[in-house]
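A.B. asks: If you look up Swiss-Prot, you'll see Asp21, Phe22, Asn23, Arg36, His59, Phe60, Asp61, Arg62, Arg118, Arg151 marked as substrate binding site. Swiss-Prot lists Lys201, Glu323, Gly353, Gly354, Asp355, Thr356 with the feature ATP binding site, giving sequence analysis as the kind of evidence.
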Amino acid sequence: MTFRTLDTADLAGKRALVRVDFNVPVDGGKVADDTRLKAALPTIRFLADKGAKVVLLAHFDRPKGKVVPEMSLAFVAEPLAALLGAPVAFVGDCVGPAAAEVVNGLADGGVALLENVRFHAGEEKNDAEFAKALAANGDVYVNDAFSAAHRAHASTEGLAKLLPAYPGVSMQRELEALDAALGNPKKPVIGIVGGSKVSTKLDLLNNLVAKLDRLAIGGGMANTFLFAQGHDVGGSLCEKDLADTAREIMEKAKAAGCELLLPVDVVVAKKVAPGVETAVRSLSEVQADDLILDAGPESAKRLLAAMDQSLTLIWNGPLGVFEVPPFDEATVSAAKHAASLAKSGKIVAVAGGGDTVAALNHAGVSADFTFVSTAGGAFLEWMEGKTLPGVAALES
């Protein structure tokens, strides 16, 4: 894939319409986690420094094409301005005369945040007329919201057809990192896929076993594979109806030469709660009332050794119920090991997905990974090998 890059664009005095992801967690009407605001800063600063008028487009929540006052983006302007160290004008609509007046009145290098694009039904329908109304406030289009790139909406896809289109700084970093992890990786490549259910990650598993040298499966989804192999998983989370599917994935991996790493021992308890009594069991020792809540120490040791033999790691999903210690041990040990390998340049380590980001933050190692994607659904679809409309629309 080839893209125009912002450093080649003539930006002075131009209105740059920038699609960002400000769909942030909220607590008591305030931004509870400003990660996504911070992710937009490099692009905003780059454009402002080049003398562009920076016009931010974003969605928040699911107003379903109607104005829902409690889903207004107004609350984002103040924390964004504080992070930016510059004023941010908020506009109560994203199209029409009110938006045009503020945008056209911006000084070069000034920043405006327009109202929630999803207040208009045309956004999610990718309506051509709505895209034109958005485009009326811009001379160039910049997409810095990789996390919304799996949606063919007016502000993520339609706009890119109407104005010269560029990836933003964060978007470009994301595309380069994902290409290094899956598109054109240094081999051998190991994947870690965790989380609770196989059913939500079928496309992902089928795509990865065809591309990776090794794939470690953890979390609740590993129980489905263990059950498919004939092991008793006690009262653990397990999609028993997907046993045949799990066996098909195992066969596919074998045919493709992808080594599957499943737990060989597990950490169990009678309930999920902090400080409960736990035990490490081999697979043959799991009891009827056991809940498997983490991979065991031998499984973790094998995973670390497999990482040592790899040059690229791609990670989506935790290995256990990391939110409730001590069921975080396998996830934390794997995360710390991957981070130390990445920091010393021995491996390219790319991770993504909401639970994964939370797990790496919990382990305190996010900063040492080569790249951590906060994109969620878009990251998952990229890993599944799907075309992302918002990315495809930027191709030059």
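For all residues, glycine too, the Cβ spot is worked out from N, Cα and C.
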A.B. asks: For Gly354 (ATP binding site) and Asp21 (substrate binding site), determine the Cα separation and express it in whole Å.
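C.D. replies: Pair distance, Cα basis, whole Å: 14 Å.
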A.B. asks: Would you identify which of the binding-site residues Gly353, Gly354 has the most other C-beta atoms lying within 10 angstroms of its C-beta?
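C.D. replies: Answer returned by the neighbour count: Gly353.
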A.B. asks: Counting Cβ neighbours within 10 Å across all chains shown, tell me which of the binding-site residues Asn23, Thr356 comes out on top.
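C.D. replies: By the 10 Å Cβ neighbour count, Thr356 comes out on top.
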A.B. asks: Which one is closest to Gly353 (ATP binding site) in space, judged by CA to CA distance, out of the binding-site residues Asn23, His59, Asp61, Arg118?
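C.D. replies: Checked the binding-site residues Asn23, His59, Asp61, Arg118; minimum Cα distance to Gly353 (ATP binding site) goes to Asn23.
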A.B. asks: What's the CA-CA gap between Asp61 (substrate binding site) and Lys201 (ATP binding site) in angstrom, rounded?
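C.D. replies: The Cα atom of Asp61 (substrate binding site) is 24 Å away from the Cα atom of Lys201 (ATP binding site).
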A.B. asks: Any idea what the Cα distance is from Arg118 (substrate binding site) over to Asp355 (ATP binding site), rounded to a whole Å?
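C.D. replies: Between the alpha carbons of Arg118 (substrate binding site) and Asp355 (ATP binding site) there are 26 Å.
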A.B. asks: Looking only at C-alpha atoms, tell me how far Asn23 (substrate binding site) is from Lys201 (ATP binding site), rounded to the nearest Å.
C.D. replies: 24
A.B. asks: Between the binding-site residues Asp21, Asp61, Glu323, whose Cβ has more other Cβ atoms within 10 Å than any of the rest?
C.D. replies: Asp21
A.B. asks: Where does Thr356 (ATP binding site) sit in DSSP terms: helix, strand, or coil?
C.D. replies: helix
